[in-house]
């Protein structure tokens, strides 16, 4: 992905190995080995960035491959190894793991109806850094339903995504998210928040704010008409580093 700190990995299961489709809102553990042979394990949420891959997410091909968005840290023992992978290299990936199930978005409670969305009024997504990954498939899912049945769009949930990053260079998916916002207009609003505003250009862009995750900032994003008297009418989803998640729920 250019000179950014992110890498997009397309992994293919070996034809002789078991192939498992990773459910929506689930992740996998990736195991790598350092130069001394010591194993290191990190969780990653499969995603789908390219729109032309949307059909693959709904087809048999999903069990043949995984797409991972990896944030490379200078001292990250796993991400630096993943950054050095080349076509043909092997990687160990676990079975899917997750505490949330697709039924929170699809069909009715306790069910799994792929032909309908749960009747949430609003779905709020707070993403910190690489925590954007699970929400890419949420947007893809909503885009899929909008494309196959325009009648369902009127009753589909409104989507609000706040993506928190450090600098402008960290927003590697700005174009892709803009495409989602266009496809899902006016249901989807995407807002970028930078903790380090190092670019005068970003000050001129309405979809980029300067700040950190605070209660006041989140409340300012929820206008009075968006608030619901029914506490169970809105779904909140949070994903990011541990400190970000703690601040979001605290």
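Don't overthink the numbers, they just go from 1 along the chain as shown.
Using the three backbone atoms N, Cα and C, a Cβ is placed for every residue, glycine included.
Annotations in TrEMBL come from automatic prediction, not curation.
TrEMBL annotations:
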BINDING   42, 43, 44, 69, 71, 78, 79, 133  FAD binding site
DOMAIN    1-103  domain 'FAD-binding FR-type'
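Break the domain 'FAD-binding FR-type' (1-103) down by DSSP state and the numbers are 21 helix, 30 strand, 52 coil. For the binding-site residues 42, 71, the largest tally of other C-beta atoms within 10 A is found at 71.
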